[in-house]
Structures are given as C-alpha cells and as structure tokens.
Amino acid sequence: MTSVCRALLSSVLLAAGLLVTSRADAAQMSCALADTTVLDFGQPVANPTVQSESTAVVRVHCVGDDEAAGSAIEICLLASPGGNPAMRRPPSTLRYGLFADSAHTRPLAHPASPVSTTVRLGDRPGVSVDARLSVYGVIAAGQTGLAGGLHEDRVPLQVRVATRQGEDCTTAPTRATGFLDVRAQLASGSCTVSAVDLDFGRAVDLARDVDGSTALGVTCTAGTPYSVALNGGTVGQQAHARRMRMSDAPATATITYQLYRDGARSQVWGDVEAERVTGTGTGMPQTLPVFARVPRQPTPPAGHYLDVVTATVTY
C-alpha cells in the first residue's frame, strides 16, 4: 500500500514539473550586431552650442535553434556611455546624452531603460530574425570652450535576449556586444557676436562732450583668429562721419558722435583693417569694450536721436 502511494505522489510531482516548462525555456540563441553603428551629429553650432539631435539605427541579427522555432523573444539593447558621456578632441570636450526614446526622457545607460523590441522567430528551425533599434542622441546647449575639428566617442553596446518566461531585459543573458561610434564635426573656425545698446542718456545741451560706453561679446572656437569691424551706421554711413538722427519722423536733425577702441577716445573703431579690433578665440565669451563720445556741438532740437551700427566678425 505504501509503495502505491509513493508512485502516485511521484507521478503528481512529475506532472507539475511539466506544466511550468515551455519549449522556449530550452531555446538557444545566437545574436550579432550587423556592424559598428555611427551616431553622427554632423556640424552642430558651437561656442555656445544649441541643442542638436541625431538618431542612429542599430541592426541586430539573431538565429535560434530547433527549440526556439516559433518562439516570441525580446531583444534588448543597452549602452554604457558612462555617467557624463562626451565626445573629445583633446583638450576639447563636447557633452551629449543617449536616450531610448525620441522624447529624450529615458537615458540609455541602465538595464532598466533599454531600447527593446519583441519579435517572433519563424516556425522552421534555424530561421533568423533581424531587429532595428533606434538610439537617440542629444548635444546639450550652452557649451563653450570648444576647439574646431572632429570630436568622437565610442560607446560599448550590449545585446540581451529574453527567451524564458519571466525573463526581461534586466535579467536576460548577454548574447552579443559591439560599439556605437558618436561624432560631431565642429567648424575649425566659427564665431558669434552679441551687442548691448549704447545709451548716452539725457543731455540738456551739447555745450560739452558727452561720453558713453558699451561692449560687444565675441565667442570663437579656441585658437581661431578674428577681427571685429563697426560700420558707419545707417545715418552717416561712414565710420569717420557717424551721426544720430532724431527718431520723430519726419525730423531731419542729427547729432555727431564717434565710437572708439580705447578709453582715451583717440582710436576710431571702424571697418577698415587698421581700425578693427583683433583677437584669438578661446571658446569662451570675450568682452570687447566700446567707448563712445558725443563731441561738443550746437544743441539740436529736443528729441530722441539714434543710429544703428553693424558689428561684423571676420575669422
């Protein structure tokens, strides 16, 4: 009687074991990255950078054994860009981020946040499957101090494939490894310029000189020589004959004034080569002071006088 009970118990246990085992549990997978993928940002604006985006498609090829035929598998792509990924051209460093989604909300740097897709293998043994997984890159805005030239980074990639019930991207085994090459070509010479309006304030009369000052901001890639010219303005149209006109139309009254490169107000800042301000870019904003003077002259009718001068950076 005892032996019968043991036999029955053994049969029940065996049956329970068979119920939790599926064909995919024993599946063997072989995967490979099709080739090294390149995430190319092209020629982004630099010094300072604006947010730039790019997308790369990573191709994964997998083949299953007889047990895997007809199975649904999850292919997961993980990247290891490090805590603060950056493309480099020593000593220049260009920061960027990798994401698993186009909205850039899921950083691609942890098994819990992979790029993944679920595919089904064919019913015939040995049938392969190809998956295309998109990786989204973003260059952070506001970066300065960048040198011109090619900036590069190489990011290790890891492919995990979940075939077992209850298995996901965090627990599945690694089936393939490879690299993602990230690059951006910064112009060997690039500059931006900004200006702050020059305001002489209020004057009761022009029986004496009225001085003022302002500044230009120039940012050029490190090592880039540049020169800055100021034209003659929209009224006088000549650097040595600058004038402001009363803004109340159709008034024609004008005021003579001048812009200088030095605090002594002896060196006119003009648009010919000898009267330009020169420098070499550092990749950081550089401040160029502009000194101004309204010389003593007959007092014109009361009003608001203005001129528009164009600053041009040559590099």
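Numbers run from 1 along the shown chain.
Including glycine, each Cβ sits where the backbone N, Cα and C put it.
Source: prediction; values computed, not measured.
Summarising the annotation, TrEMBL assigns signal peptide to 1-26.
Taken residue by residue, the domain 'Spore coat protein U/FanG' (25-148) breaks down under DSSP into 5 helix, 62 strand, 57 coil. Taken from TrEMBL, the feature domain 'Spore coat protein U/FanG' applies to 25-148 (among others).
For the domain 'Spore coat protein U/FanG' (178-312), the predicted model reports an average pLDDT of 94. What TrEMBL records for 178-312 (among others) is domain 'Spore coat protein U/FanG'.
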